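**Q** Below is one structure. I have some questions about it.
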Amino acid sequence: MVDLSVSPDSLKPVSLTSSLVFLMHLLLLQPGEPSSEVKVLGPEYPILALVGEEVEFPCHLWPQLDAQQMEIRWFRSQTFNVVHLYQEQQELPGRQMPAFRNRTKLVKDDIAYGSVVLQLHSIIPSDKGTYGCRFHSDNFSGEALWELEVAGLGSDPHLSLEGFKEGGIQLRLRSSGWYPKPKVQWRDHQGQCLPPEFEAIVWDAQDLFSLETSVVVRAGALSNVSVSIQNLLLSQKKELVVQIADVFVPGASAWKSAFVATLPLLLVLAALALGVLRKQRRSREKLRKQAEKRQEKLTAELEKLQTELDWRRAEGQAEWRAAQKYAVDVTLDPASAHPSLEVSEDGKSVSSRGAPPGPAPGHPQRFSEQTCALSLERFSAGRHYWEVHVGRRSRWFLGACLAAVPRAGPARLSPAAGYWVLGLWNGCEYFVLAPHRVALTLRVPPRRLGVFLDYEAGELSFFNVSDGSHIFTFHDTFSGALCAYFRPRAHDGGEHPDPLTICPLPVRGTGVPEENDSDTWLQPYEPADPALDWW
């Protein structure tokens, strides 16, 4: 196997499409916002592609912006040299340069987020050069440029013994399919360079390099003789080593007699070696077919899983939209807030202010150790939905708890203690305690969180408002009135200590139980971890 890795300082290959999905939140530009704030981002480093293989050109807008109505043009060197054109929500192959027709494919699964990928197939040496992508609309135009480098590692070298010449043995090497022009080097057993007797490196019909070189090995250089072909762009080479004994050097007639005597044995050994090679080739072919069958099976399973994932994602978005019908107006209770927290005058946001300036007024509803606050509202029946803007905080807990939970001392945020909460730790670790820690993987980091309580069904669900996806649902039996729970964490380790803010929503319902509701919620599953310490 040949290692095709390249230093990031020079070239950096582009990964597959699945690794290029940008895990970021949805930021929409406001009407009239200056187009200069939008950037077109392409590959950061030059792209290295192998001859005959496929390469991907990713481009996206930052901040994210719906590009479905835009013109997106991939070009080479100049914008009029069209590689691929997307215009008026359709692709226009007739506008392509002849060299790129039937060789491109546009992947626009995330075009609504301003992210697209162009695949270029069957790479040839002439594809090398400068490329760019350009986004254009009535109020915005921008482009990004990058370089494409092309390399071919070439075929396995073929070495042959041509015979005796000028008192030595003549060796000849042939290979093809190299790009750019390779470097050939002969060396003796001591690593010293051997000058070639003949060397020719020429272009072939596919614009690749073919080479032929020979060397005459004399008695002083016999033993191990090696020849290497190096691709300087890839920093890779192919090398052959041949062993030649001194007895094969032309000389006395005794050598000729010995050679004639050993020739039948050499022929037998060659026949045996040929048989072994054929057997190995058949074995490799069998293994290749088995690998292809396994690959087909895995591909089918992957497609099935992707279909199921798409269905679940669509179902979660439908459940979120249904939950919004039960929006309620939630207000923070300042009397419950820990002394280190600051509740806004309108009761809609809470933030950490560090150590309290002095002793807080005593109140039986105030939390003494938990840096949290509850809502004024108490929910003991019906369905209720509210949303909280979490911004870029790296640590928080949100959800609901029993109104009667103890206000003094620490508490474990689990259903057994009367807490049903979702937590974020260190900016990327989302989890719940149910009752053990269950880690959650989110496709898009939420900047706004939706919480839906169905009291009679015993369900508390969380939604990522940034992409409308369902995150997690607690299933339990509630034994008393519940309050909305807010904990911004007093010692946030992030760079953006935004407050937790209750978002205004149009109140469409009163939270009255609804009959014949068969909504279902999806739950990610992970093995339970050992119990955690107090939070």
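The backbone N, Cα and C atoms fix where each Cβ goes, glycine too.
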**Q** Among N139, N464, can you tell me which residue Swiss-Prot lists with the annotation N-linked glycosylation site?
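**A** In Swiss-Prot, N139 carries the N-linked glycosylation site label; others show none in the record.
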**Q** Which one of N102, N516 shows up in Swiss-Prot with the note N-linked glycosylation site?
**A** N102
**Q** Please name the cysteine among C59, C372 that Swiss-Prot pairs with C133 through a disulfide bond.
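**A** Of the candidates C59, C372, the one Swiss-Prot pairs with C133 is C59.
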**Q** Neighbour count, 10 Å Cβ-Cβ cut-off, for C59 (disulfide bond): what number do you get?
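**A** Other Cβ atoms within 10 Å of C59 (disulfide bond): 23.
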**Q** Out of the glycosylation sites listed (N102, N139, N224), which are within 10 Å of C59 (disulfide bond), Cα to Cα?
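**A** Near C59 (disulfide bond), where near means Cα within 10 Å, there are no glycosylation sites at all.
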**Q** As a test of reading the model: what is the averaged pLDDT for the coiled coil (276-315)?
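**A** Over the coiled coil (276-315), the predicted model scores a mean pLDDT of 82.
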**Q** Whole-number answer please: how many Å between the C-alpha atoms of N102 (N-linked glycosylation site) and C133 (disulfide bond)?
**A** 19
**Q** Provide, as an integer number of angstrom, the distance between the C-alpha atoms of N139 (N-linked glycosylation site) and C133 (disulfide bond).
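**A** Per the Cα atoms, N139 (N-linked glycosylation site) and C133 (disulfide bond) stand 17 Å apart.
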**Q** To the nearest whole angstrom, what is the C-alpha distance linking C133 (disulfide bond) and N224 (N-linked glycosylation site)?
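**A** Cα-Cα, rounded: 52 Å.
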**Q** For N139 (N-linked glycosylation site), which DSSP three-state class applies?
**A** coil
**Q** Judged by the number of other CB atoms within 10 angstroms, which among N102, N224 is the least packed of the glycosylation sites?
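**A** Candidates: the glycosylation sites N102, N224. Fewest Cβ atoms within 10 Å: N102.
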